[in-house]
Amino acid sequence: HFPPQPQNEYIELHTKRHGRRLDYEEKKRKREGRMPHIMAEKAKKLRGIRAKLYNKKRHAEKIQMKKTIKMHEEKKTKQKAEDRDSKYGNPNYLLERENQIRAKVLSNTIKQKRKEKAGKWDVPLPKVKGVSEAEVFKVVKSGKTKRKGWKRMVTKVTFVGDGFTRKPAKFERFIRPMGLRFKKANVTHPELKASFFLPILGVKKNPSSSMYTSLGVITKGTVIEVNISELGLVTSAGKVVWGKYAQVTNNPENDGCINAVLLV
Amino acid sequence: MAHVVKHITVVPTYKDFVDIVLSKTQRKTPTVIHKHYKISRIRDFYMRKVKFTQQTFHDKLSLIISEFPIVANLHPFYATLMNVLYNTDHYKLALGGINKARQLIDDCAKDHVKLLKYGDSLYRCKCLKRAALGRMVTIMKGQAKNLLYLEEIRQHINRLPSIDPNTRTLLITGFPNVGKSSFINKISRADVEVQPYAFTTKSLYVGHTDYKYLRWQVIDTPGILDHAIEERNSIEMQAVAALIHIRAVVLYIVDISEQCGHTLEEQLALYKNIKPSFSNRPIVIVINKIDVVKPDELPEDKSKVIEEFQAEGEPVLEMSTLTEDGVMNVKTEACEKLLAYRVNQKMKTNKVVGVANRLHVAMPKKRDNKERPPCIPAKIMKKKNAMEVDEPTRKLEKDIEQELGDDYILDLRKTWQLANNDDRYDTIPEIWQGKNVADFIDPDIMKKLEDLEKEEEARDKAHYYSMSESEEDEETQEMRKTARKIREKRKLITLESGEKRRVEKSRMPRPTKRSRSVAQLEADLGSMGVEIPTDADSHYVRAKTRSSSRPPLKKARDQSEAGRSRSQSRTPRDQSGLRDKKMVTKVKKIAKKAQKERNHMAKKGEGDRVILNMKPKHLFSGKRKSGKTDRR
């Protein structure tokens, strides 16, 4: 005769019928009491990448613990609130907001004037480090004896339009490899904080050089035009908005994708 | 369900999964790379990492997908059961999600490997690899919920009872609390929980029982209530699934005492409702709890319901699981019904026709009218009668032992039959008047001995034992002649070869008298003033020879020195050269100590120097980690 097979909730059933071991609670309590020692020993013994990961995890846990402790303690302690206005000696509840400090006003106006002078757009990345030609282009030797070095291969991510056809290989000066051609970008709406994967319509301006703009090279800070018909925005006149500008915020050749922020 | 679903590997949580794969990548791929290496080498390094991670993810996800059962391929009973328990749609979606994740990870790896080809610096390649691995991990993050769900399912599947839908089965149904679980507890070794509240049994339970040397499955279902199928909850649906898909004899249990909370009319109504779902199967209606209310004592209207049950055409049996009255009867009846049904089914199929044609039972033809019944010895008949009457044959020792408990003494002599029964417990002497009692067990033994001796003499005289040569025939005589010749020849050959091998060099003469002897030793030391005791045990005393010229001295056995009952002619090897007992024990101890080490290494002896594995892998491979390195 085979022994009866364990079925369904046999463990709980056994506990229900026969109860637990007599020292179950004690064992459990002691085991939990030992945990801090074990964790400390683990933290001491680990090495290498595992140690880093473990320490990171523990650090996060400790921060959480400290926060909860502080939260509990807030009820007990009383915080001494700063109830005097530092400059004028007025208490908090008598502070007047019109007393703006004159210096601050001045600096604000100066900054405004400067901006107008520069004619800068209001873009998320106003200043971008320029990219040199040596970085963007790689010399490709051609010719019978491979001495002619007039061809260049683009090493950054590019955008070529839909109807793009290459020039005949003999006359092609700039080679834009297919592997580095991208059609879509991850565009984030700054207010909605939502990201969409939208098709690129074209490269508007590359801040480093106009040559890059004409070639369609996309680097960090490039302004591109994206197709936002997916979002379903409508103008006040009732027309559907289907194209907007976005600025690239990452280095696409290092990440393998184009991340951009919509310019509203 | 363990026999249907093969072993399913544990599905880790999203965090563990990612940890496992990433740490595997870190351990199994090269870790060292420098800026000044050739760009092709750098690219290869990072491409390898991306591909390795992709492969590991792919393998692990494929394992999950392949191990979980495909609902469509299971027996319809299991398919229905899984649908009831886990909702097939949700299950399929979860597995589909895992499949999709696998595909996405493959695509991601492919893209990034393509991009890595254009990497021209270490930093760029490293960023691309980081982006690739990050993307893969994010894809897995989306599957976190699916992984949890699949792990729960896996745990639940492993605990489902293993029900074989094709074998002989008894299926027990009825309202909740009628006594289904009590019944299965009685006839099988299953231990199902029995409680007074309804829906104690929440899922299917399986027990096994024997009948007619065959193994029968008994399936206990949760109770079903009388409402439409759409309103049934998942617990009841399990019972319904079993009812519909398993071809078994159905035992519909009715509670006559109405303790379950439902009247007999309700039970009848439920029976009528579910009857169509097991239309062509054998059914047995069982009335339970007759110890509370006997069927004869029922009032008019209740008896009418019972009659209606009987009018259904199925056998109606009565039992009580509390007093075990009629339980075996029910089981027998149900099993018989199922057997008949199964045989019928088999007859209907085509397979039986081929066999039935060839089967023929031959009955021997009677040659005369004489009756020849089977011959049964009288004692067996008596035993058979006793078995039927069910009386004990005699009181067994076992019973007596159980009765007396601790007081019981095994007394083998109480059944002895002697001339005088009082002598039973007397002690039997072993030696009597200088003679062995065992030799005189037989009263005629002296006479028998004399007869035997006389016979021996007679045989001797008649040359019974000598082989007379004249009686042998020519062949044997020839054989003996040749055998004698062979033996002689062999002896000659050995002598000759011995002669050949001997090297006749000049030998040193042996002095007849030993130059050093014990007596001389004693004399010398005595002259110097040292007294040495010479007794036979001294280690420098020459051991007595065993030459045939000296017959061994027979010493009277003395009680000195336990263990010296053997001959004292030669010291045993392990004691030769040792002074005294203390030295002997010490030497033994040292020897054992040395042997212990060798035993630990599984060496045969001190000369065993075999190394099985000259280049163990763990000593010749591995990275230079923190154990070995103190500077980088």
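A Cβ is built for glycine as well, from the same backbone N, Cα and C atoms used for every other residue.
Here TrEMBL flags B:491-507 (among others) as compositional bias 'Basic and acidic residues'.
According to TrEMBL, the compositional bias 'Basic and acidic residues' annotation covers B:555-564 (among others).
The compositional bias 'Basic and acidic residues' feature in TrEMBL is assigned to B:571-583 (among others). Across the compositional bias 'Basic and acidic residues' (B:571-583), the DSSP tally of helix, strand and coil residues reads 6 helix, 0 strand, 7 coil.
Residues 574-575, 578 of the same chain lie 6+ residues outside the compositional bias 'Basic residues' (B:584-593) yet bring a C-beta within less than 8 angstroms of a C-beta in it. Per TrEMBL, compositional bias 'Basic residues' is recorded for B:584-593 (among others).
TrEMBL lists B:594-609 (among others) with the feature compositional bias 'Basic and acidic residues'.
Same-chain residues lying 6+ beyond the ends of the compositional bias 'Basic residues' (B:615-626) with a Cβ under 8 Å from its Cβ atoms: 31. Look at TrEMBL and you will find B:615-626 (among others) tagged as compositional bias 'Basic residues'.
Averaged over the domain 'OBG-type G' (B:168-339), the predicted model reaches a pLDDT of 87. Residues or ranges marked as domain 'OBG-type G' by TrEMBL: B:168-339.
As annotated by TrEMBL, region 'Disordered' applies to B:456-632.
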